[in-house]
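See structure below.
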Amino acid sequence: MSGSREAILDTIRKNHVQGDRARPTVPLFDQAAPADLKALFQKSLERMGGKMLTPDAADPMAPVRQAIVKPGPVLSCVPEFQGDMQITPQTKPTDIAPVEYAVLRAAFGVAETGSLCFTEKQLLVNTTGFLPQHLVILLDPAQIVFNLHNAYQRPEWTQAHYAVFQSGPSATADIEGVLVHGAQGVRSLSVLFHPAS
Amino acid sequence: MTAELHEELTDPHADQLDHGAASSRPLKSRISEPQPRGAKIHGNRPVDQSEAANRFMAATEHEAMHDARLWDLRQKRDKEMHGIEEWEELRNLASGIKEHTLSKLDYYLELFEKNATANGIKIHWAKDGAEHNAIVLEILRSKGVERLIKSKSMLTEECGFREFMAENNVEVIETDLGERIQQLDDEAPSHVVVPAVHKLRTDVASVFAKTIGSDPDNADAHYLTECQREATRPLILSAQAGMTGGNFVVAETGTFVVCTNEGNADLSANTPPLHIASIGIEKLIPGLDDLAVFVRLLSRSALGSPITQYTSHFRGPRKGSEMHVVLVDNGRSARLGMEKFWPGLKCIRCGACMNTCPVFRRSGGLSYGATYAGPIGLIIDPTFNVHKYRNLPYSSTMNGSCTNVCPVKINIHEQIADWRKTLAGEGEISPVKKVMMKAAGEVLASPVVYRASLPLGRSALRHLPHFMLYNKLNTWGRKRDIPETPKQTFNEWYRKNRKQQDEGKKS
């Protein structure tokens, strides 16, 4: 409705907030960043309800296999792990619905909040991050940034059409403040530190 | 709705979280009590908030749970705040960024439109709620959509969107648990972040028993949440369109950002082939550096968790799908020109002012009878309808706590005072207040009469029978005891103890 567009913009121009309101410069607030971001990431992730898997140097994918404890289809979106299903160009978003576990790799992690960033590049089909019952996620420790200011310096934001921070599993406390995981999205989220090959 | 209870994960029963089998936190049993309903709406007549608040307070189980739950959120917010050294700097930045954007809003809206359009998003402009609803209906009709899944949006509440779609035979499914409870109970959300916070779990059990067939005798929060998940999932998978709101709009990248804890916005946006986002024009911010400030502040202020479980960034449609953004004014561009009230446009809808407000915590959000409740509602609602919401700015103790917790530093309590002045100036004042103000005005206008009245008032307060102080005209006497009155006024004390001393110093 182009008439409304012009009417809205005209009213805004007429009513603009007056005075000098320069755009503030936002610092990165990262001077106190610890050398070991892994420990901080783990602490933050656990606070958000996520689980950290213990790495196994002899058999790197063993922790992933051990995390898969419930029956049902496993979907892998990473080359390191073999699942039961394949994503093809014909896969529809709703085809992910029966998946019990999806194995994904995060683009990067944020230590401040225990967040994992995914874009359509890692998800392949965007619903792989939300429709499975459980997620097992590989994160390269070299791809952890300290805080959200650092996170928004990354290139993903201007490359992807869709990008999401997942910080722990789906959660709700809408009924008397009682925390329940798996309100709509995934019921659990586990992370394994595993360098990208 | 997140980290506040994550200590439960170390609980030996924590695995129950997985099954919806039982509550991992034993909740005390309590008497069953019917849910108090919100303010009675009579067309355009002024809403009587205190009448509805009295009914909420009379429902003691509801009032106690509501008060405790929201105060808990406030305390968690404080804990988060103390964990971040630069907290006050972030608040200053957030306020400065919003003020800057509002001073160049036309520029940033056009910049967003240009960048989003270049990435394949279709932009629409709506001057009000009716136009918003018509635009969305047209998009839905062009795709033959019969079922729409939706995440929570206060803007669509403003627009009366659900009612409109029901009249036009489009089924709307709310996917946020709290909002879904409210939809199934045919009630508006009572809080911007936790829409069903005024309901006891027994109220939810009775709503779900009637609507989605849960066991009416099972009021366990895990069970009820699981029932809702199972009932909603087939609807998510079969919907032809999804709708979200937008918490922040980044002009320089053409991105809009949605924050949820349930992942329901991501499901709504990514499952069907059509995504429509309804966004108020005040949600604009310039760039990604600015976004970091707001993402750090939002959930910490709202729930005392470091970030929402999901922070989702939409910059363009998926392959084979469509993405539309409806930019809605609905009074915002006019508010920009209100000298005293434009700072309300900085609001990021975190609800911190509600959680901290003693009036809100004890009266429930539905008592305000308006889309926005609590302190932020007191200063926004009258901009929509000055007559209907003229009583709301009086539902405040003026303690200023709302202003202190606001992450974007809106001067909420000062605006409440300014609304009282503005309303009196416009003749929008109730008859009882008019009589009392006139009498008070005469006394306060003259120092001589005022001083003479004080010992009288003091002695009167001490000796008047209870019923004269706690009557229907004195709304402040309800639910409160007047503090004990001092034996002398400050002036009397000063004259007796200090005056000669001070005058001695001067000479």
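Yeah, the Cβs are placed from backbone N, Cα and C, and that goes for glycine too.
The compositional bias 'Basic and acidic residues' annotation in TrEMBL covers B:1-18 (among others).
Taken from TrEMBL, the feature region 'Disordered' applies to B:1-48 (among others).
Outside the domain '4Fe-4S ferredoxin-type' (B:337-365), and at least 6 residues removed from its termini, the chain residues within Cβ reach (under 8 Å) are 36, 38, 49-50, 52-53, 56-57, 62-63, 66-67, 70-71, 73-74, 77, 94-95, 98-99, 102, 154, 189-194, 197-198, 247-248, 282, 294, 297-299, 301-302, 373-376, 379-380, 383, 395-397, 399, 401-402, 404-412, 415, 418-419, 422, 479. If you look up TrEMBL, you'll see B:337-365 marked as domain '4Fe-4S ferredoxin-type'.
Among the features that TrEMBL reports, region 'Disordered' is placed at B:487-507 (among others).
What TrEMBL lists as compositional bias 'Basic and acidic residues' is B:493-507 (among others).
Per-residue confidence over the domain '4Fe-4S ferredoxin-type' (B:337-365) averages 97 (mean pLDDT, predicted model).
Broken down by DSSP into helix, strand and coil, the domain '4Fe-4S ferredoxin-type' (B:337-365) contains 17 helix, 0 strand, 12 coil.
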